[in-house]
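Engineer: Just passing along the structure, written as structure tokens.
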Amino acid sequence: MWTHPINYDVIVVGAGHAGCEAAFCSAKMGASVLILTSNLDTIAKLSCNPAVGGIGKGHIVREIDALGGIMAEVTDQSGIQFRILNQTKGPAVRAPRAQVDKQMYHIHMKRLLESTPGLHIMQGTVESLLDNENVIQGVTTKEGITYLGKTVILSSGTFMRGLIHIGDLNFPGGRLGDPAATGLSAALKERGFPISRLKTGTPPRLLASSIDFSVAEEQPGDPGVGFVHRDEPFVPPLPQVSCYITHTTQKTKDIIAANISRSALYGGRIEGIGPRYCPSIEDKIVKFADKERHHIFIEPEGIYTQEVYVNGLSTSMPFDVQYNMIRSVHGLENAIITRPAYAIEYDYVHGNVIYPTLESKIVEGLFLCGQINGTTGYEEAAAQGLIAGINAVNKVLKKPAFIPSRQESYIGVMLDDLTTQVLDEPYRMFTGRAEHRLLLRQDNACLRLSHYGRDLGLLSQERYEIFENQKQIIEDEKARLNKTFKKYGNSVVSLAKALCRPEVSYDILRETFPDDVRDLGSTLNASLEMEIKYAGYIDRQKSLIHSLSKSENMVIPEDIDYQSISSLSLEAREKLAKFTPRTIGSASRISGIACADIQVLMVAVKKHAHQ
């Protein structure tokens, strides 16, 4: 075993979406960083759908950009269709989504990492961890190399003891075509990490030239929509394409029903629990038996390939059933499968042994991010990578930890949920997980979080000043519209009051009063409209947050003895000792902790402070 001569500040294990974000931000903050991956040709590979964003997820990508991360930038560079979802619904649930060229996404990310000062990329498979008295020292690889590091970030995705299922066939793999990582799970178990299994899956890929698109509904993109916050209109650098919508048939249902026992999921061969909101097609047929058909979305995988992703047909059926099932779908009667669908089981670590910083409670200096923490999705993984990278560097530099709150970001919501809840399925972000989602809109992420990005050294002063200028423009224009009165309909009202009417949009107001209503650009126009239209709701949510903040942010001492607080219920004592929450707010969100327990805990914390 040879020891590499460099002692890195941060070693990142895995170069998926979590690992790439962790490595980039660590290096950007001035750390010496090594990222290890079993295959340099699969950096930032989009293993499942060729898309970034969506409801809740798109909000997270915007937050990553506001903090100085890179997912938004790489998505904009490689996007081949951009849309805003839920445009007819309220502003809190509107979200950007992009189809991306899978190869271009990998190329742009790899190029960006390679050109980042202080960041070294190395091909190697990590087999074990090095630690001394529960303090991380480095890692060893299958290739016989020891790498020393002050901190280590594990971002192993679905590779830890990954097991692929296609019908009654199963074999080890991190994803189809890539080997599983077997050593890491054993290394974590040896150190007392609680580990369980989760499951996810992916649909077959088809050859576009074999599909009859004439019977499918075309779904084009929206112009001018990107993920990076910018002060000029967004023009995608790649050619833009359409997606298509088709549907299953009665024949599809019959094929699945006749072969349900051959599914790895329903045949009892899978122990891991899959994502509730991304079910397999056999799951949908069984659980929604009364539904005549299910939508299928045909999504291009890139502009230089004929392969398409068939969203909605994830399955663990054997290949012969997949073949017949695909050809029963409207427009896919002659479809050629290029890659089979499969399910995959993998190991994950329980959240009660992880701090909200994503540092483990068992081995100091060891951070975990992405699917190893029980999440599903590229966006959730990237956000965790960003947080893990920031806090790894802060630990090395002996700086305070960075934990965004759930009141100011979806990233904060996720961190709090992962470390206070017992997961019984893969965790996916939705806007409904946030208590104050009207304040956490995708359009105002830069206004909420950019000061953190600047202070951390991830966001340039120039970009920060652009965001601050945008914030000031919105505030100034809001004040001006509140002071400008015009006759509108049968009465004289302020232009802000006129904009509050349901039938009046900012564009309509501009057309009606062109000399009094400024065109700030589509992004700022939309933000200003939301700030004015929903001002009452926004003010109420801000007031609620302010009233709760004193108790929410009350810090619980690390050395508090829950067992000695006799007024706590037995369940509360057990749960608090298990999760060791850092604040009263986090404690209040642990399942099984009653309001009465929180009141008792607050008294105990105050008493502890005076001892």
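The backbone N, Cα and C atoms fix where each Cβ goes, and this holds for glycine too.
Okay, these came from Swiss-Prot:
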BINDING   GLY14, ALA15, GLY16, HIS17, ALA18, GLY19  FAD binding site
BINDING   274-288  NAD(+) binding site
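For each feature listed, report its degree of burial, its nearest neighbours and the pertinent distances within the displayed model.
Structural biologist: Counting only same-chain residues at least 6 apart in sequence, those with a Cβ under 8 Å from the Cβ of GLY19 (FAD binding site) are VAL12, VAL13, ILE35, THR37, ILE153, SER155, CYS369, GLY370, GLY385.
Around PHE288 (NAD(+) binding site), the same-chain residues at least 6 positions away in sequence with a Cβ under 8 Å from its Cβ are HIS294.
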Engineer: Between GLY274 (NAD(+) binding site) and ALA18 (FAD binding site), what C-alpha distance do you get in Å?
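Structural biologist: Cα of GLY274 (NAD(+) binding site) to Cα of ALA18 (FAD binding site) measures 20 Å after rounding.
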Engineer: Just give me the nearest neighbour of GLY16 (FAD binding site) among the binding-site residues ARG276, CYS278, SER280, GLU282, VAL286, Cα to Cα.
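Structural biologist: That would be CYS278, nearest by Cα distance.
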Engineer: Quick one: of GLY14, GLY16, GLY274, which of the binding-site residues has the smallest count of other CB atoms within 10 A?
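Structural biologist: Result for the binding-site residues GLY14, GLY16, GLY274: minimum number of other Cβ atoms within 10 Å at GLY274.
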Engineer: Find, among the binding-site residues listed as ALA15, ALA18, CYS278, VAL286, the one whose Cβ has the highest number of other Cβ atoms within 10 Å in the structure shown.
Structural biologist: ALA18
Engineer: If the FAD site is taken as the center of the Cβ atoms of GLY14, ALA15, GLY16, HIS17, ALA18, GLY19, which further residues of that chain fall within 8 Å of it by their Cβ?
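Structural biologist: Close Cβ neighbours, site residues excluded: VAL12, CYS20, GLU21, ALA22, THR37, ALA44, SER155, GLY157, GLY370, ALA381, GLY385.
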Engineer: Using the structure shown, find which entry in SER280, LYS284 (the binding-site residues) has the sparsest Cβ neighbourhood within 10 Å.
Structural biologist: LYS284
Engineer: HIS17 (FAD binding site): which of the binding-site residues ARG276, GLU282, LYS284, VAL286 is the nearest Cα neighbour?
Structural biologist: ARG276
Engineer: What does DSSP assign GLU282 (NAD(+) binding site), in three states?
Structural biologist: helix
Engineer: In whole Å, how far does the CA atom of GLY14 (FAD binding site) lie from that of LYS284 (NAD(+) binding site)?
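Structural biologist: On Cα coordinates alone, these residues lie 33 Å apart.
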